[in-house]
Structures are given as C-alpha cells and as structure tokens.
Amino acid sequence: MAPTLQDLTPSAGMKKTLQDEIEAILQERIMVLDGGMGTMIQRHKLSEEDFRGQEFKDHARPLKGNNDILSITQPNVIYQIHKEYLLAGADIIETNTFSSTSIAQADYGLEHLAYRMNMCSAGVARKAAEDISLQTGIKRYVAGALGPTNKTLSVSPSVERPDYRNITFDELVEAYKEQAKGLLDGGVDILLIETIFDTANAKAALFAVQKLFEEEYVPRPVFISGTIVDKSGRTLSGQTGEAFVISVSHADPLCIGLNCALGAAEMRPFIETIGKCTTAYVLCYPNAGLPNTFGDYDETPHVMAMHLKDFAVDGLVNIVGGCCGTTPDHIREIAEAVKNCKPRVPPATVFEGHMLLSGLEPFRIGPYTNFVNIGERCNVAGSRRFAKLIMAGNYEEALSVAKMQVEMGAQVLDINMDDGMLDGPSAMTRFCNFIASEPDIAKVPLCIDSSNFAVIEAGLKCCQGKCIVNSISLKEGEDDFLEKARKIKKFGAAVVVMAFDEEGQATETDPKIRVCTRAYHLLLKKLGFNPNDIIFDPNILTIGTGMEEHNLYAVNFINATKVIKETLPGAKVSGGLSNLSFSFRGMEAIREAMHGVFLYHAIKFGMDMGIVNAGSLPVYDDIHKELLQLCEDLIWNRDPEATEKLLHYAQTQGKGGKKVIQTDEWRNGPLEERLEYALVKGIEKYIIEDTEEARLNQEKYPRPLNIIEGPLMNGMKIVGDLFGAGKMFLPQVIKSARVMKKAVGHLIPFMEKEREETKVLTGKIEDEDPYQGTIVLATVKGDVHDIGKNIVGVVLGCNNFRVIDLGVMTPCDKILKAALDHKADIIGLSGLITPSLDEMIFVAKEMERLAIKIPLLIGGATTSRTHTAVKIAPRYSAPVIHVLDASKSVVVCSQLLDENLKDEYFEEILEEYEDIRQDHYESLKERRYLTLRQARENGFHIDWLSEPPPVKPTFLGTRVFEDYDLQKLVDYIDWKPFFDVWQLRGKYPNRGFPKIFDDKTVGEEAKKVYDDAQNMLQALISQKKLQARGVVGFWPAQSIQDDIHLYAEGAVPQASEPIATFYGLRQQAEKDSASSDPYLCLSDFIAPLHSGIPDYLGLFAVACFGVEELSKAYEEECDDYSSIMVKALGDRLAEAFAEELHERARRELWGYCSGEQLAVADLRRLRYEGIRPAPGYPSQPDHTEKLTVWRLADVEQRTGIRLTESLAMAPASAVSGLYFSNLKSKYFAVGKISKDQIEDYASRKNMSVAEVEKWLGPILGYDTD
C-alpha cells in the first residue's frame, strides 16, 4: 500500500529540502546524467531465458527485448550498469522504467506488473546510488524515468479516421499515476518525464504527478525532456520547441530540456531555443550522433564530449548526459569535459508581462501586441453553417470553417459545442481531434468555450498546446469557482472569467470592476494563478434594443476595461463581439460597422482580445462617414434616436458589387514577350499564330533558326532558370515543352525547305547545331519502364540540350551506335528492375572496351549512388554519375559539358565515389550473419495445430478477368506515387494526398495536375481507350523448409509430386541482441507438409493495356505532358486493379475474410489480413520466380501480359504477385544474405551459383568481384 502524505512528512518540506539541495548544486556546477540503458543491456547479449528468469519461464509471450522486466529478473545486471555510470561520473541515474507503464507492458502481457516493475527498478537504482555515494563521498541522485508510451493522444493511428484515438487522456493519467507511485515508493529523488514526442501525453503524465503530489506524496523535483525529431525543430506531433516549453511550464519543472532523436551537434539550435524561453534549468542528453545505415551510433565519446563542452562554454546547459548509443565511456568523457565549465544561469523572467499560449506554434501576447482575434465561427450557437455540419456529423467539412478563420487572421480559435441536441463532451473531443490532424489549424491555440464544465474538460484533454478556457465565473460561489480554476491550472490553460457572481450578470461599470477584482485576488491568493493567464470578460451586451436601460452597455464595458487594466496587473480583457449588435441580425453591413467602431474605442481603453468573425472587421477609417457617425452615436449613447436612424440607413442603402474581368492583357505586348510568356505559362492557344508572325518578319528573323535561337530559347531559358530555382514545377515545365515543340514543329518544314534550297545552291548541307549538347537516353535491354527517363528528356530539352530518346528495352549495341551516329556528348541509362543494374554494368564495360569516352549517367528507381560507385564506375574510366531525378540532370549535364568546370567536377565525383566504395567495403566486413541453419532455427514458427484451419478458396485453378470495369478501380487509386512521378512533394505538414494541395510551395501546381489527371481519367474510361485484364489462381500448397510446393486439385500432398515450387529466401543479417524478432521467409506463412494441415496459395497478374499506344500518339503530337500523364495514370490503374482484386480475393474469391469492411485508406496502410508479395521485391527479391507464376497460370496466353528477357512485365502498367491468407503473414524485407544461403538456393533451384548471384546482386552480403 502506498504511504500517505503524513507517513512521508516527518518534518517540514521534504520537497523544499531536496529541491533546494539539487538546485544549489546546479547553481555551482553542471551536473551529469547517465547514458543509454538499452545500449548497455545489449552488451550483455541476454537470451530469452535470461529475460524470463525463473518467475516468467512459462510466460505465454516472448519477453526478450522487454528491458524493463530485467529489474525483476536480472536486477544484478541493471545494478552493474547503474554502477558503471555512477563510477564514470554520473550525478544522476535514471531508473530502468522507460516502458514500465501498463500501456507499454500490455504488448508483453505484463501490464499487471507495472507498479512492481517501477518499484523494483527504483530500488535497484536507489541501492546503486547509495553504494557509490558511500564509496565516493559524493551524493548521487535517482531520477524515475517516465517514458512516452507507445500510444499518442495527438495523432490518429488511422489515416481514414483522423479523429480516432486508441488511448484517452484519462487512461494515460491512470497509467502514469500507477508508474509514478511505484517509482516514488521505490525511493526516487526526481521524476523525469522524458522522450516526449507528443506533448499531450506529457501533460497527462504531469497531471498524474500533480495529482499524486496533491493527494498522497511529498512533491519531488520534476524534470521534463522533449524530443525534437529532425532539423525542422518540431516534435513528432508537430510542436516547435518554444510551443513545447509553453505547454508544460505550468508544472513548474526544476529542469526542462531535450533528449534522443538527434546528436549533440544537431540538437544545439533547439537547446538554445529552450534556454531562451524558460526560467527552469536546462538539461540536454542527446544520442551518440545520428544513426548510421544499420541504425547504430558511431559518435565517439571524445567527439560527443567536445560538442557538449561547447554547449557548456557558451552557457547553454545545467545538466548533460547521453541517450541512445551512449556508454559509460561517453559519460566519463562528458563529465571530464564540463567539470570546469560554469553552469547556465537561468533568467529571472522570460517574456515578462506576456500571456504565453501555444498550439503547434507559440503565441505571445504582450504590451505591444495588436488586438488578438479569437475566431468565433466554430460555434454551434453562433454559426448556422457550422452548426448544420456538426449536427450532420460532417466534422471534416466543419474543419473548413476553422481553417478559413485561421486564414482570415484568427490567432486563437474558439470552439463551442453547446447545443441540447449534441453530446457536448463527445462533440468537443471529436472536433478537437480533427483539428489536431490539420497542422494549418492546429498551429494556433484553441479557446475551449462552454457553459458546461464537462465539455471544457473534454476539450482540455485533447489539446497538446496551452489553450484558453472560456469560461468560469463566481455564479455558483467561491468553492465552485476555485475548484474549476484549480483543474484548469492543472491542465496548464489560461482562463476567461466572466463578470458574473452570485448576484447575477454585472451590467453596470462598478459591479463589473468589483466582480473581476474579487476573482483576480481569489485566483492569485488561493491558487497562485499566474496573473498573465487571467482574462476578464466584463460582458459585451446588446445595444440598440429599444430599451433605454441597455443604451449604456457598450460604454460600461469600455469604462470597466480601463479600470481593470489599470488596477489588476497582468490581466487581459476580452469579450464576445457579436453580442453587441445582436439587435441588427440579418444586417451584416451594419453589424460589421458597429463592431469596427466599438473595437476602435475599446482597444484604446485596453481591450486585448475578442471573439470575432476574423476577416470581417472593417477598418475604422474605411467605414462610410454617415454610417460611422450613426455607430458612434449608438455606442456612446449620444443620440436617443440612434437605433431608428441606423435601421433607416440599412433600409435605404442598396448593395453593390464588383465584377472580376479577366483579360488577355499579355497579348498586347511585343511579339518576343508574347512568345516568352506563352512558353513560361504553358499557353498553346496562340503559339502557332505568334511563331508564324515571327517567321514572316524576314527583316528581324531572316531564317527560321533565328526564331528558335532567339525568343523561343530565351523563353525556355527562363523556364529552366525558374525550375532550377524551385519556382516552377515539373508539370509546368512539361507544359512549356509542349508549347516549345509546337512552335518548333511549325518551323521545321520551313527549315527543311531552306536546307534543300541551300543544298541546291551550294551542293552541301550546312552543319547547324544550336544546342548546348547532345544526350542519348535509353531504358536498358529487358526493361519497359520509362516515365522517369521521359521526364528527364523533357527537362533537358527545355534547357537547350538535344535529346535522342531510344525508348525502352534498348540493347547495348543500339545505344552505342546511336551515340556515335549523333555524336553524343553524354549517354543516360535508365532502369526500374534489379536485372537492369547488370545491363548497365555491361554497357559501361562495352563503352570502355570500345573507347567511347563520354560521360555516362545512371538513373531509375532501382539505381543508387552506392551501386553506381561500387559496381559501375570501376568498369569505365570516363565519368559515371548517378542522377537522382530530373531536377538534378540539368546541373550535372551542364557541368560535364562546361570546358571550365568539367575536369574539376569529374575529380570531385572520383573522390566522392572512392569514399563511397571504401565505406561499402568496410560495412561488408562489419556485417554479421547467422548461418542458414541458425536462421531457419530462429524462423517464424507458427503453432499450426492451435490456429484456425486455413480457408479453402471458392475455386481451385485459374479465373481470367477480361475488360475489367475501370470505373470500379478509380476509388482504389493511391495518388501519392502519382505526385512522385511529377516530382511534387509537399513539405511537413503537407505530405501525402490530399494534404499536398495545402502546401504553400507545390500545392497549387499539384491541384492543377490532379485536375488534369481527373479529366484525362474520365475521358480514358468513358471513351474506353484503356482495357484492364487479369488472372487469379489458387492451388493447394504446403511448405517444406524455405520452399512452397503447389499441388494439383484433389492430390494428397503427402503422397504426390508438386506441380510447381516457389523457392524462398530467408533473412540472415543478425538482428539486434535485444530483439526477439524471427528470421522470416515467405514459406513460414504456409502450413508445413509434415503438419498434415491442408493450406493454399494464390497468385495474380493484372495489367492496363493501351497505355503505350496512347502515349506514343501524344508524343507524335508534341504533347509530352499528356504522354507522361497517360503513363502515370496507367500505372496507377494497374496498382488499383491489384488492390481491388486482392480485396475481392479476401472477401469472395478465396473468402478467408468474407466480412471485411475496410476503407480504402486502410488498404493502403496494409490493415487487411494476409499479404500479396511480388517476386522481385523485398520479401522475395528473385525475379526468376515470376517464371513459375507465368507457367502455372499461363499468364501470357490468357491475359497478354508477357515477360521480357530481364523478366520485366510488358505492358509496363502491370502488377503480379502471390496471395497468402495466414492472419500472421506480413510484409518484410529479406535484406542482405550470405553465401551459404546463395549456394543452398542455387542447389534447390538447379541453377549455378553465378547465375543466382547475378539475379540477386543487390542483396548479396559479400562482394563477388
């Protein structure tokens, strides 16, 4: 049983003594925290049995990797780790409790042990600290670590349901409360809430801790440490560092800082930010640098110590330590490095006199802040549109109201769900959760507005930022008022206090002042409320009602505001503006004018903020003079007839509007400007007309070539410059190229005529080349994918390069012949599938053999800088350069062809690639692999006898789907890869579809391309320009070790020969010692032959036909944009076909999930049961396995989908794979494998080792050269 407050308080103020003790040290020197616990546990290489110990030897779930259980099962190991850190110089050690909440432990089935786990961990750390304190004579401290849990309050686990949460605030509070009790009972000195990726979770932890300190325990010092996940300077849930500090400072932490995710060098700017916005001490315990490609940490103790010493010398820190990858050696060096450095001196105040609020971003309201607009339209009582949407349950559309308010200038967003037909707490929770999913809205603080305190609490539990509560009052007396205010303070919110007490609503000036003054002193004296967090609403009441007693309501508010601001330091004044003009509802022009006039004066008297319709407030000086005077008279009560006069004004004034007239004003400019404008804007309409006008101007352009070299190239140069500067995007560039091609196409007949005439006159042909250089592009032999290559060609063409595009499946000899025939300056090779890599190596070898010494560019989805540097560049003595995408191609080609730059550029590439090769070969030496036998022993072993029996498909054999309805596939299209084709990538928080449309940089262009795609898609479907065909098949199947055998229908597998075999590859790269993950192979998901349990395997192949023909037709019309668009859509339709057919397989064709009801977004997040891995991809990287699919289902004969010699599918818009139904099956990557598996695999497949190595080159864990 937990001790009571009385038990733990033998004398005055333990917290004061302990906090003062630590604070005294912090004022004298920099303290040192310990390093990574997980890192040290891994060094012990503990087995599953070690993790289980005797107590848990029969536990149903694996426990290896559950480091926290070791405090119970292996306390000596944890004690020794603590001791090592203490002897290395740590002043403070953290308990081994990062995942010791019931929430995190539920993954291991140990949630019932959370309290015990924490108490034991605290006890182990306490003993280590006391032993070393006694040994060294230096007191050491124990910090009880409260980790973030594996669930989040601010982010939905479901893309389709942004309002859904799989944990509640109250559940988190209870879990943290249980954890903190165990830590406190175990004897910790400090509570450290750490690795905060979601501030809402941290606020739940702080709420729990504060509750314990209030009710049961003597308070301890609290440390808070957030985690900035990348260089954007934000937490995983999107908050900036300053917003994070504002959100948690209500808990009065002794220390606040950052840990994890970043190395010290990367963390520095964010630690500086933390220090500038807190009066607390600053702690900093980064990782040992950034993780390498294997997820390990390489930063040496010395390097890390020097970084942290720089922090200390510059006065940034009070406590330093280490997180992931750090060891006692790191802590020893860090302690030595900072021991003579002076600690940071915390400022006495920060942002003095400011109200500090936060959403994802900070918002400071100070003496010089302009009037703060609190957006009013997200109020079911104040906005008919919003109310209608909420009542209909259309919360996503209601978000648009919130977004519009922010866009129109609302700095805070008021949310009100008070309606008798609504479940207020539920509606508030749901809408606030929706807001959290939209960073453009969530960036501003929220004002949780309700007359029902249960609704207010519901809203507060959803907000990771520091928000405003609107409102509380003295209406129900002081006890009720203080109870609510105490809760609000515990949530860390500011509060609006209404001028309302036991006697009712204050309408006169003096009662307003009296009620507000009373409330102010209660909050400060009884609760220690920060005066800067108090907002008074002295009641803006309706004027112009026709009742004389209402005429002074505006004047009374303004006068009360002046006194409140003069006599209640720090307090702010707000009010609901729409109340003022309620008598004039329906007369929006009058109401807006009244609001503008009222605010003009109220702000002068000290009103700080107001709930307004952001964006609809007129400027005082812009109000019509007659209307202005009438409003002034009404507000100041200067004319008893003011109301009647305003009504008369409204009735006599008509409404006017303006028409927006669009003109083609650019058409009035000079010819050259018109040509350039058309090219830059991608306007085709007049290009032939203008080009012909230029051609007819023989005086200025005597030859057609002069037009190309002059205004057309000038326009394309502007396009290239804008694209290079990131001010123009790929779809726009391609539209510009389309215009250019039409112009050039118009001129070509005239140029050919001129050439013939020259030949007749002189007997020879002029050698003209206006281009910057000639580049031959080709997709290599056996590969049919060319969207990326085509885009590169268009971009290069726009930058004055002559591009010779040889298309797809181009043999080496054809590539080299074209390069010689066209006197190419550069060759560019493209490929998507892994066999293309070998073909690229072959081309490089041939170029070397034939002494064709021109630069070779390598690109395509399967290529990489490492493969280019290691496998291709050594075969060729001229430049070989990997090009990431079209935007990089121009820069690379320009440098390679610039006489002044090319040699230096080539030298840089040689040095860079040599470094890459060295790193690669070093990494091969360091990698460790299990033997194939060990990997199989540690495979994924399903207890088939206890599993539900596999479902038999509704048919065995194959079924063909002819001319599949494309309209059915549209909803299954995943649009993200579509935007990747066009190199349109939104930045956080606007990544993915449809958020990309909100991106400030690419959003507008993305929407245009998407609209073009929708138009083309509907035309393709309605005009039946494309056809979809596919085949699905199912067979009895059993696994034998790593292979899957298929059998004829009706055969008894144990007594029959298989009709086909799919050969599997198993993971071999050694996993982290703390990991209990199995070494997977696809065969693990099929019942073994010896089990006697019948199982089944499915396969499919689908394609979209007609794409190539349409694309070619567009190219012949000089329309690259439409050519690329139809290919991109063809690929999307093929993938959608695969997705839709897999759904049908699960629900009806196989029927193992007949009741499945998943949203499309859940399909993309792989939330369905079973998998559909494809040969040639991570779970089975061998493309030769496609041959078995094709033979078994007679794919080419039945569908027309064929395989090239490199086993690419043709047409390119095609997808194929296998169907697995086991509920435990999952996607995985085989990763690198060692030679013993290659030899075994070659033997099973009856192939030579060399042939297998050729097909599996990218996953070989050894070098074959």
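Even glycines carry a Cβ here, placed using N, Cα and C.
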Next item on the list: Select one of Arg917, Arg1029, Arg1167, Arg1172: the residue that Swiss-Prot places in the S-adenosyl-L-methionine site alongside Asp974, Tyr1227, Phe1228.
Entry: Arg1172
Item checked: Residue among Cys255, Cys260, Cys432 sharing the Zn(2+) site, where Swiss-Prot lists Cys323, Cys324 as binders -> Cys260
Next item on the list: Would you mind reading off the Cα separation of Asn579 ((6S)-5,6,7,8-tetrahydrofolate binding site) from Asp974 (S-adenosyl-L-methionine binding site), to the nearest angstrom?
Entry: 48
Next item on the list: For the domain 'B12-binding N-terminal' (662-759), name the stretch out of 19-338, 371-632, 772-907 with the most CB-CB pairs under 8 Å.
Entry: 772-907
Margin query: Can you give me the Cα-Cα distance between His785 (methylcob(III)alamin binding site) and Asp974 (S-adenosyl-L-methionine binding site) in Å, rounded to a whole number?
Written below: 19
Next item on the list: Could you tell me which three-state DSSP class Asp783 (methylcob(III)alamin binding site) falls into?
Entry: coil
Next item on the list: List, in sequence order, the residues of the same chain other than Cys260, Cys323, Cys324 whose Cβ lies within 8 Å of the centroid of the Cβ atoms of the recorded Zn(2+) site.
Entry: Gly36, Thr195, Asn259, Ala261, Tyr285, Pro286, Asn287, Gly322, Gly325, Thr326
Margin query: I want to check the contact list for Ser830 (methylcob(III)alamin binding site): same chain, sequence separation of six or more, C-beta distance under 8 angstroms. What comes out?
Written below: Leu777, Ala778, Thr779, Val780, Asp783, His785, Asp786, Gly788, Lys789, Val792, Gly859, Gly860
Notebook entry, point to check: Where the record says Gly382, Ser383, Arg384, Asp449, Asn470, Asp537, Asn579, Arg585, Arg591 bind (6S)-5,6,7,8-tetrahydrofolate, what is the longest distance in Å from one Cα to another among those residues?
Noted result: 24
Margin query: Of the binding-site residues Cys324, Glu709, Tyr1227, which one has its Cα closest to the Cα of Arg384 ((6S)-5,6,7,8-tetrahydrofolate binding site)?
Written below: Tyr1227
Checklist line | Cβ neighbour count within 10 Å of Cys260 (Zn(2+) binding site) | finding: 21
Notebook entry, point to check: Hey, how far is Phe1228 (S-adenosyl-L-methionine binding site) from Arg591 ((6S)-5,6,7,8-tetrahydrofolate binding site), Cα to Cα, in Å?
Noted result: 62
Notebook entry, point to check: Far apart in sequence but close in space: which same-chain residues, 6 or more away, have a Cβ under 8 Å from Thr1264 (phosphothreonine)?
Noted result: Glu1253, Gly1257
